[in-house]
Ligand SMILES: *[C@@H]1O[C@H](CO)[C@@H](O)[C@H](O)[C@H]1NC(C)=O
Ligand SMILES: *[C@@H]1O[C@H](CO)[C@@H](O)[C@H](O)[C@H]1NC(C)=O
Ligand SMILES: *[C@@H]1O[C@H](CO)[C@@H](O)[C@H](O)[C@H]1NC(C)=O
């Protein structure tokens, strides 16, 4: 290992030096803005857009084949090769607001903020590079590392597109050089997690390819895609949740699990569809289309028609038996991928139109049954997404929410634009502001991982109410986890940690790009300062144990790869040029990896 690593660094050094020598100065150094605070923003826009799209200095890097060729697996149960990819989308509705250039003084403020986010990213990246290179994750307090995603350099692959967006071109190509050597024929664990491999590795590689056009990235994406495709080698054509690595190579077939969380089989559509678009091979699209047909056919047959339970059985092809419904953890990206699949694929043929139909149905159900207006001291008009249990005596809305649910505001806003529905957009804005409200309520300026509030009384959950101390005290008394030192309006902080999650800033970013309302950018800056301050460590940033304690309490020696892949990327994009990753050109997967929307 040590020798390989040394050699690797030497090789990288040569390549980096080569790039430095070969490229004009502006590309060789990390990105510096092409305009100073005094010049107009329009100049900056032009220079930035030109720089971001420039692929002409891409160095020649050859991929090393993995030790096992996943395209050579001989399937006992080959998945069907139909339907084929739908035709390219002819017309899409406009998603982003028509931005005018900022005044010079405003532009200067945003530019300082953008550079501050980049500075925080650079610190994390430099430590990963120095202490955990090619490992899955850096431990940000001890400077050690951990391999929890098969040992294929999860943080490195997950960070590729952020490096590109931040204009860190030499670091980007150094990382591409490393990607070229990843061996997807070996895994540090006997089983491979389908979901995580799909969103972090496959998603990361596809996005880095869509931005840079570097062939190595597509080659490696196909290797991971074929590895995941081997997970569909099952009797009923449904994918396994965990791929038994060595069994999968044999091709004899895998056993589908009897119970999985619904997000697992539901979060493959974007990656597989984009891989089919990029390779011209419909097999990935066809395989995942079968899975989504199962959800489609049963959407109206569950206990809460329009949504699916948190747990499903893929071995029995039963997606209706459960009674717990949420758009939070365990189910989240199943819903996220429906409007996004529509954005990527359109609705022109029989196999793609289901994404639009499922989107509208679930959004209407979620508005009706999951979202509520909380009773809070200032009576702000916000919405929170809760959980719904459907028992014999009907549906029960539990006003418990979590950080993971915070993506839903952005998704509703996106749905509002995609489906020309102002109610979705309005509800999306209130949901995004709900999470921002939770952030600013706690002393660290960050919301907890999981918490409870109080539903405004009345028939309609989205109806408002005035603060009522007696009613709040009665609800709080019913919660064993209630503590008096909680901010008013919150009856618990059941899990008071913040583990560097992105969902709240994700929604703020999307609302900013869709509405052009500058208050979202101010919210983003407040959130960024709070997060950067509370999570800072010697090497990078760490999860904190208590958002309700001064300074965030103790820290945990862990930094998820989504910190650099998602959280810092979304913060950065709030202050960067609005043409950078325009929502009219890209759709982002659930790990914030942008996939290019192909156009005719
Ligand atoms: C690498 O794999 C590809 C695809 O299986 C194959 O066509 C190619 O010949 C391999 N290259 C080497 C050097 O083995
Ligand atoms: C769902 O089923 C009910 C009752 O059969 C029907 O009235 C309704 O139109 C269906 N909704 C959708 C969206 O298919
Ligand atoms: C406040 O809540 C209590 C308990 O639910 C209720 O009895 C009272 O009428 C409410 N007060 C107002 C002003 O609505």
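Any Cβ shown, glycine's included, is placed from N, Cα and C.
Feature annotation from TrEMBL assigns active site, proton donor to 196, 449. Annotation source TrEMBL lists active site at 332, 503. TrEMBL lists 406-435 with the feature disulfide bond. Sequence annotations record features per position, and here TrEMBL assigns Ca(2+) binding site to 590.
Shown on the structure are the features that TrEMBL records.
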{"residue": "196", "record": "active site, proton donor", "CB count, 10 Å": "18"}
{"residue": "332", "record": "active site", "CB count, 10 Å": "26"}
{"residue": "406", "record": "disulfide bond", "CB count, 10 Å": "29"}
{"residue": "435", "record": "disulfide bond", "CB count, 10 Å": "29"}
{"residue": "449", "record": "active site, proton donor", "CB count, 10 Å": "19"}
{"residue": "503", "record": "active site", "CB count, 10 Å": "25"}
{"residue": "590", "record": "Ca(2+) binding site", "CB count, 10 Å": "26"}
Distance from residue 435 (disulfide bond) back to residue 503 (active site), taken between C-alpha atoms, in Å: 9
Residue pair residue 196 (active site, proton donor), residue 590 (Ca(2+) binding site) - Cα distance, angstrom, rounded: 10
Integer Å distance between the CA atoms belonging to the residue listed as 'Ca(2+) binding site' and residue 332 (active site): 9
Euclidean distance between Cα atoms of residue 406 (disulfide bond) and residue 449 (active site, proton donor), Å: 10
Rounded distance in angstrom between the Cα atoms of residue 406 (disulfide bond) and the residue listed as 'Ca(2+) binding site': 12
Rounded distance in angstrom between the Cα atoms of residue 435 (disulfide bond) and residue 590 (Ca(2+) binding site): 18
